[in-house]
Amino acid sequence: LVQAWPYFGTVMEKTFKEVLEPKIRAKNVHLKTCTFTKIHFGEKCPRINGIKAYTKEIGRRQVTLDLQICYIGDCEIHMDISKFNLGVKGVQLYGTLRVILEPLLTDAPFVGAVTLFFMQKPHLEINWAGMSNLLDVPGINVMSDSLIQDFIASRLVLPNRITVPLKKNMNIAHLRFPIPQGVIRVHLLEAENLVQKDSFLGAIRGKSDPYALLRVGTVQYRSKTVSRDLNPIWNETFEFVVHEVPGQDLEVDLYDEDPDKDDFMGSLLIGLVDVMNDRTVDEWFPLSKTTSGHLHLKLEWLSLVNDQEKLHEDKKGLSTAILIVYLDSAFNLPKNHFEYSNGECGAKKIKNNKYLKKMEREPSSFVLLTVGNKTQKSKTCNFSKDPTWGQAFTFFVHSAHSQSLHIEIKDKERDSALGTSVVCLSRLLEDPNMTLDQRFQLDHSSSDSSIQMKLVLRALNVEEPDPQRVKAGVNASKQGPVRVVEKGGNQQKFVSPPEVSKVPPVSKDSAALESLPKRDSGEDLDTKDSSAAPVPSETVAGPDGAEHKQNPEHRPPPALHSGAAAVPTLPVVQELRLAPSVTSLGSLPSSCFELSSSNLDIHNGTEMPLGEIQLTVRYASVRQSLVVLVNGCRNLVPSSNRGVDPYVRIYLLPDRRWTSRKKTSVKKKTLNPQYDEKFEFFESLENVKKRTLDIAVKNSRPFISQERKDLGKVRIDLSQEDLIKGFAQW
């Protein structure tokens, strides 16, 4: 890029002068004098910070790459419009650009076309110059930046794509507008323990008025506001079209509605690839970027099927199908516009000659497309009676048998129709592929005016989940470390406990637990009979594929065994679920011990360890992070008669900086603390494989106290472990 940048700059300067300048001049009478006085693309070129290639999730005939692009440019572009000088002096842009090379061919150039688009709106900042820096006025500056961002988004962010054919006579229509991958139906149910944001005179806390913003790509919905409630119940449903998986995420932001500025209350990012694989996810998700709060969502993945039997009308008024409209072009639009009322069209009387000249011009037309109560608008094609739009639109359909698509072509200059058309969706049902690709005659227009469109109808289908698959559950969410919220006494609400069907509810007292056979702590467990329990933040589906929710108050702590890990068969899981979490055996004080994943090597001169710690470690490849779950400790050795207040401290060696240290909460006066806290280290798998986990259990004591602070230490060499599978053990 550094080598090619000056040449790219030269090409762009030529494009600005020869292509862009005439286009701007033609846009408007006031822009006729527009000239570029300086075009310089600067010395600094864009940087590509990382590339990810997808291999498993895609077809064999394509290459899919994600490029992290960062451009902090020193470009200078100045233009004169009549007496004003306007310019840009520096641009910052960063975002993830997806590049798809398809189809792959057996002869040169080996790739048929390149498709480019951003997954989410890229971040953009522009340093404006000229016009006596009028655009630096805060309101205008933000407005102009966001207008340009919207302009980029309307062309470059999904579902919009740029497709460049590399081979002659390549049909790229299906590459520019592929059928979406599916639909995600989001049931926004409720939230709990949200942060209080309303304050009165800076002191008295009031209750917040929460609402949610839900986003996939460029589509955003807002929920209703629940007034004065930190445990709001919404029970609303939203539907989003998903164009790219993996890649697109569901973003949920919670805000407190205020008269002046709405306060942020937490957010959630959910990878849709997990929802697509699980089909249905019904979970409490912990909110990130906030101190407390959980959000209850039910997510359903609907695949698009070409099957008319699936089109029966939904009782709850939800969508049953999706209509995709490829708006291609129109032919021979009338110069003179018609006003029509009650279905009769009559030419408007021409008042004067000035008006006549205007009417002799070719029309600048755009299209309004309507299904039900949703209307979408195309871009405007200037001065053409045969305009080409080349755009795709999607609509949710409730009843394909009775609904219609309404088309209206309008002239930008005068707000009146150049032609209309109505297509009943039942016509699509007559075709076995539920597709129409043809010219449609325009009504209320010239006799030979028509519009070229392709209409595709697809039924929405909830497929049954694969009973063999381990569900991602809460792991679908992508957020930082999560603290567990305690609910009165010792009943803890686990962030994401393993759910196993048909396990009898367990009473709060541990008598039932203690009756189960105990294992000796030093024993090297046989991996054949008890491969490790599933990672505690995953959900296990029962034999019938259904998940059975248990009351969080009655969940015993998940106990885990050593040995690496496939998900065990159900009887083993049941045994693990009910295994005793705490066994109080006396131990002797000694210095420290080291634990590898397969057996216990104790280096402290005596045969007695200092107790045990239960850990779950795995690498989350979607989030590019090492996830360490500290479940709890047992049989810790007291360092004084006063009792101990243990907490766990984690480093990912060799990094011992204070800022990268992770630490659990402190549990008071216990030798068998239960934490169930999750921590993440955002590193590549390659880097993690070179590192060592250093985990210490420490006693929280007064600053001037003479007591021993360290209670024990474990080091785990990560190069020896299969981190993608993960391991879980004492």
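Glycine is no exception: its Cβ is also placed from the backbone N, Cα and C atoms.
In TrEMBL, annotation is done automatically, which means it is predicted and not curated.
Record features (TrEMBL):
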- 495-510: compositional bias 'Low complexity' (COMPBIAS)
- 516-529: compositional bias 'Basic and acidic residues' (COMPBIAS)
- 545-556: compositional bias 'Basic and acidic residues' (COMPBIAS)
- 1-167: domain 'SMP-LTD' (DOMAIN)
- 158-285: domain 'C2' (DOMAIN)
- 303-444: domain 'C2' (DOMAIN)
- 609-730: domain 'C2' (DOMAIN)
- 468-563: region 'Disordered' (REGION)
Take the domain 'C2' (303-444) and count its residues per DSSP category (helix H/G/I, strand E/B, coil), listing them in that order. 16 helix, 68 strand, 58 coil
Averaged over the domain 'C2' (303-444), what pLDDT does the predicted model reach? 81
By DSSP, what is the split of the domain 'C2' (158-285) into helix, strand and coil residues? 11 helix, 63 strand, 54 coil
Secondary structure content, the domain 'C2' (609-730) (per DSSP, counts of residues): 10 helix, 57 strand, 55 coil
